[in-house]
Amino acid sequence: MRCPPGATLAWIGHPVTVIATFVLLINDHLLKHLWPGLVTGKLSDLAGLMVAPPLLALARVPALAAVIATGLGFTLVKTTQAGAEAASQAWTLLAGPSRVLADPTDLITLPALAAAWLIWRRCQSEQAVRRARTLIIVPIALIAVTATAAVPPPPDATTVVSDGEAITVFDGHGADYGPITSRDDGRTWVRQPAPAPGPGSSPGSSPGPSAPAARTPDAGPASTSPARPVSPVPESCVPGEPGHCYRVVRGRLAVQESRDDGGSWKIAWEVPEDREEILRRVWDGTSWKQWGSVAVAVHATPDGHVVVVANGSDGIAVRDADGAWRRLGFSADGRSLSTEAAIPLNGADPDLTWEYAMGLFAGLIVFLAGIAVARRRHAPGHGYAAAAYTLASVGLLIAITLDGDLFSPITTMAALTFAVVSVAFAIVAARPARMRAWAWSCVLTASAGTTLAIWALFLGWVSGTPGGYGTAVAFSCSATVIGLAGSALAGWEGRRGPVRGDRP
């Protein structure tokens, strides 16, 4: 039987589907990360089976076929490793790194498909009531179903030690990664397949002294065992030269050096502070909470000494025996460290969503300023104008919350929606002002130019010009002021006046 028009929209807009969508969204994006386990896993499957069929039906798949396809696909994914791997790759393309696990016990949630079918049967006569809800629920449902089990956190270097023969970097996620060891004085680094018995030792070898030249602030030994130190060692001295020491700078990717037994210190290596902000953006949201260099070890060589600094998710910094410093990052699989894997300081890809949103709303404000000036002298359309200004203000407030927001995809969509609707109301409100064509062109050019200028400034900041984030902000403010002036001038000069019958 051919379904009535709008029945599919009614299906996805049904209260039960809406509730399942929000359960899926909150469970997969929040609860799974807080309380991973049996309950949240099965709840995700249950809600997903309720939401997936109506989403498939939106692509003009018959309702019964959508339900059957969902059941078959779910069964394939949960009972075969090939199906789970294919699903993992598909979700990775849609939502970034994701992992789907084969678990036959999840099949106990299949009866949810029967509930989805019953909802479809009822919705065939309720489409008119549900259409409005669909405009909101469709994007939320798409976001919700792309969530999966969290992938392992990225590796981070939290501790480094030397036993005189090898240098070992320990990872903060011991359950997920083993230590990385260098046996050629820091030139190459390879991760051990399992946690080593001791830094630089092989299975079955006898333990030796650990980090003989490392010292804590009281100059005592940092560790008497080859195992992972209890805490990172922030200061270490050159073997045989107790007055020549290195220490990390807390809160920064930097190392200081002293040659007079700690009497004076100078910077031996650092990432420029303006470039550190780039790296902070790149690593924002990872498990690495303590930013900066955290541990240092000095390793004696026939030609001098090598210094290795643990820099968290950013990897390590290595001083060769000839005094040259290198910054090494983790490879994509986390198995090694190399200079090629380090995130480039002038070519990183940080999240600029917040800056893009601010640039967009700066352009919107410039546009509204031109409209407001053109509407002077009490032109009709106050209601539309007030609505435009209110929507723009609400959208801006939402955009401000994008920085670190858990539900940033939703807030981004909401902010953009408010911005678009605000522009529509502003255009309607500007009609009584009868702006000339050239004035419209100037207002639109000023608005678009402001947005593009701000975006270009922050993209330039990522590439190194301007060098500081504060400088990019200052130039962005200047671009906004210039845009406001140009838009207001165009609105002032380009108004023809109210149409006949309008009050002045």
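Each residue, glycine too, has its Cβ placed from N, Cα and C.
Taken from TrEMBL, the feature compositional bias 'Low complexity' applies to 202-214. Annotated region 'Disordered' per TrEMBL: 172-241, in sequence order. Positions annotated as transmembrane segment by TrEMBL: 6-26, 46-69, 132-151, 356-374, 381-400, 406-430, 437-462, 468-490.
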Task: Region pair the transmembrane segment (406-430) / the transmembrane segment (468-490), three or more CB pairs under 8 Å - done: no
Task: Proximity of the transmembrane segment (437-462) to the transmembrane segment (381-400), 3+ C-beta pairs under 8 angstroms - done: no
Task: Residues of the parent chain within Cβ reach of the transmembrane segment (381-400), under 8 Å, 6 or more residues beyond its termini - done: 354, 357-358, 360-361, 364-365, 368, 371-372, 375, 411-412, 414-419, 421-423, 425-426, 428-432
- [ ] Grab the same-chain neighbours of the transmembrane segment (468-490) for me: Cβ-Cβ under 8 Å, and only residues 6 or more beyond its ends, written as numbers and ranges.
- [x] 274, 277, 358-359, 362-363, 365-367, 369-370, 373, 438-439, 442-443, 445-447, 449-450, 453-454, 457-458, 460-461
